[in-house]
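Listed features, source Swiss-Prot:
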{"type": "DISULFID", "residues": "46-61", "note": "disulfide bond"}
{"type": "DISULFID", "residues": "53-64", "note": "disulfide bond"}
{"type": "DISULFID", "residues": "60-71", "note": "disulfide bond"}
{"type": "MOD_RES", "residues": "49", "note": "4-hydroxyproline"}
{"type": "MOD_RES", "residues": "55", "note": "4-hydroxyproline"}
{"type": "MOD_RES", "residues": "66", "note": "4-hydroxyproline"}
{"type": "MOD_RES", "residues": "72", "note": "tyrosine amide"}
{"type": "SIGNAL", "residues": "1-22", "note": "signal peptide"}
């Protein structure tokens with residue numbers, strides 16, 4: 001009888017912890033590394049593909065073509 005009560009209480013506590021954790025994690029990403037790179041790319045201003053660029057200024061989102069001096073993505 002005591003063991004049954006302990007198991008029921010443990011299951012209820014674990015279920016409550018799962019529900020609380022699920023509510024807190026809404027809108028966040030599962031992997032922290034992906035979240036940090038996403039935040040970095042959203043917070044930096046970069047030029048869209050086809051915009052003029054300089055290969056040394058690193059202002060394109062991906063890369064700058066040194067021959068055409070245009071961003072490509």
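Backbone N, Cα and C define each Cβ position, glycine as well.
Overlay of Swiss-Prot feature records on the structure.
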residue : record           : contacts (Cβ under 8 Å, 6+ apart)
46      : disulfide bond   : 59, 60, 61, 71
53      : disulfide bond   : 47, 59, 60, 64, 65, 69, 70, 71
55      : 4-hydroxyproline : 64, 66, 69
72      : tyrosine amide   : 49, 50, 60, 62, 63, 64, 65
Q) Within 10 Å of the Cβ of residue 60 (disulfide bond), how many other Cβ atoms can be counted across all chains shown? A) 21
Q: Report, as a single number, how many Cβ atoms besides its own are within 10 Å of the Cβ of residue 61 (disulfide bond).
A: 15
Q) Hey, does DSSP put residue 46 (disulfide bond) in a helix, a strand, or just coil? A) coil
